[in-house]
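A.B. asks: Here's a structure for you.
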Amino acid sequence: MRTGRKTTRAIVRTPGPNAEIGLTTASLGKPDFDKLLEQHKAYVEALQGLGVQVTELPHLPEFPDAYFVEDVAVLYQDTVIITRPGAESRRHEIDHILGALVESPEILTIDAPGTVDGGDVLIHEDTAYVGLSERTNLPGGHQLKEILRDHGLLVQMVPVGEGLHLKSSVNSVPGALLIAPDFLDHPAFLGKSKIPVHPDEVYAANAVTISDTVLFPAGFPKTARKLESLGIALQFMETSEIQKMDGGLTCLSLRFFD
Ligand code: CIR
């Protein structure tokens, strides 16, 4: 199945040995650093294997969560919106991403008192869904709404409730939204084609589409079978160490499309 959106370029950041002191609500134990590096490397190789030009930034000793690079910017066409991350400990990660984005024709910012994490922003077809969460507040959501509306997108606000970010629960796959059961009936998604993840496999909603292939977390066979039966190509990624830090496959990269 084709999406028509080719992923051309991505920015990632290598995790550092300080990853274990990052923020997390998961009770899955500390990540094994070597394994985390291995899983991250496999992710980068998967992107490259799918024809994506990857810029890999070095780890930041003072910011243990900075490899969740998606949270510091929202990319749409030629516009970059530098966010204002909701967690105080992550706020200054933005100072270290600008260098990789300076060539973008338009760079905008989210300003105080607004907060936005990129993990709360999902662009699917003609609509931007903005999750209101513990990280993205209403003032931040409104600033983003104005910007994205000016860029021709419809914007829908979605209260996130449980879960860290909107994209912990809803993501774009070819032809549909891959969506956790709790979000299925939300009016924001009315009329959209939806593929529910199996109720036992809610983490599997955090999958990322690269051109026409979905990078999909290994270990969620019921949802995987459903996607494959619909003709969606999956590439399985190990995510055990990333999960321990509340992360998923979307948050490991900032992605540009043609
Ligand atoms: C955090 O709590 O900020 C990180 N430990 C995990 C961020 C995951 N980001 C994402 O899902 N977009």
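Using N, Cα and C of the backbone, Cβ positions are placed for all residues, glycine too.
The annotation active site, proton donor is assigned in TrEMBL to His165. Marked as active site, nucleophile by TrEMBL: Cys251.
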A.B. asks: Taking the Cα atoms as reference points, how far is the residue listed as 'active site, nucleophile' from His165 (active site, proton donor) in Å?
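C.D. replies: On Cα coordinates alone, these residues lie 10 Å apart.
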A.B. asks: Counting every protein chain present, what is the number of Cβ atoms, excluding its own, within 10 Å of the Cβ of the residue listed as 'active site, nucleophile'?
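C.D. replies: So the Cβ neighbour count for the residue listed as 'active site, nucleophile' comes to 25.
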A.B. asks: Near the Cβ of His165 (active site, proton donor), how many other Cβ atoms are there if near means within 10 Å?
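C.D. replies: That number is 29.
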